[in-house]
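Asker: According to Swiss-Prot, the protein carries these features:
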- 44-49, 59-60, 65-66, 88, 123-124, 168, 178: FMN binding site (BINDING)
- 49, 106, 110, 114, 174, 175, 176: substrate binding site (BINDING)
């Protein structure tokens, strides 16, 4: 039976993958595909930090390559490869930057080393001297010992607001099951179809 709400279906599958005993892969890992202003694509793995009816959230340095690409072209695709439970979820949607408060809250929960890394890493830039980079981490670690570490302005939360969600489940003899959900400007109404495998 087809579920009418893809977010609820995602919740069911996500709970299943979180409960799966094999821990060799991070179930929050998702491939994020973006395009620059010339429509040249790039992809990388990021971690899902939160999801809801509003979308799928990750955090990043907005000055990184992916940050620049979502600024220039605010659309993205996500793929959750859960092959170890014979499932995959594909998402396409609009990209929005979250309010500073959301980024502040998540940043505050991060380990000290991750906070310092966010300050010291010029993500996606050429690293010409690794020793200098490591020394800058040591220096900042000493400077902020026992102190609160503020969030850099360029470290932001990003939400992918889904406009298309596809659920794929492996079947015998490659007779897989695929359900595709889409919505247009009426954000409350999802249309669902089954696709040939």
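Just so you know, glycine gets a Cβ as well, placed from its N, Cα and C.
Model, not experiment: these values are computed from the prediction.
Where in this structure would I find these features, and how exposed are they?
Answerer: Around the Cβ of residue 46 (FMN binding site), 18 further Cβ atoms fall within 10 Å across all displayed protein chains. Under the three-state DSSP scheme, residue 46 (FMN binding site) falls in the strand class.
Other Cβ atoms within 10 Å of the Cβ of residue 114 (substrate binding site) number 11 in total over all chains.
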Asker: Work through the binding-site residues one by one (44, 49, 174, 176) and point out the residue whose CB has the fewest other CB atoms within 10 angstroms.
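Answerer: It is 174 that, of the binding-site residues 44, 49, 174, 176, has the fewest other Cβ atoms within 10 Å.
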Asker: Near residue 65 (FMN binding site), how many other Cβ atoms are within 10 Å of its Cβ?
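Answerer: The answer is 16.
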Asker: Long-range same-chain neighbours of residue 106 (substrate binding site), Cβ under 8 Å, sequence gap at least 6?
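Answerer: Listed in sequence order: 49, 59, 157.
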Asker: Looking at the binding-site residues 110, 114, 174, 175, 176, which has the shortest Cα distance to residue 88 (FMN binding site)?
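Answerer: For residue 88 (FMN binding site), the spatially nearest of the binding-site residues is 176.
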Asker: Taking 48, 59, 175, 178 as the binding-site residues to compare, which has the smallest set of other Cβ atoms within 10 Å?
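Answerer: Comparing Cβ neighbours within 10 Å for the binding-site residues 48, 59, 175, 178, 175 has the fewest.
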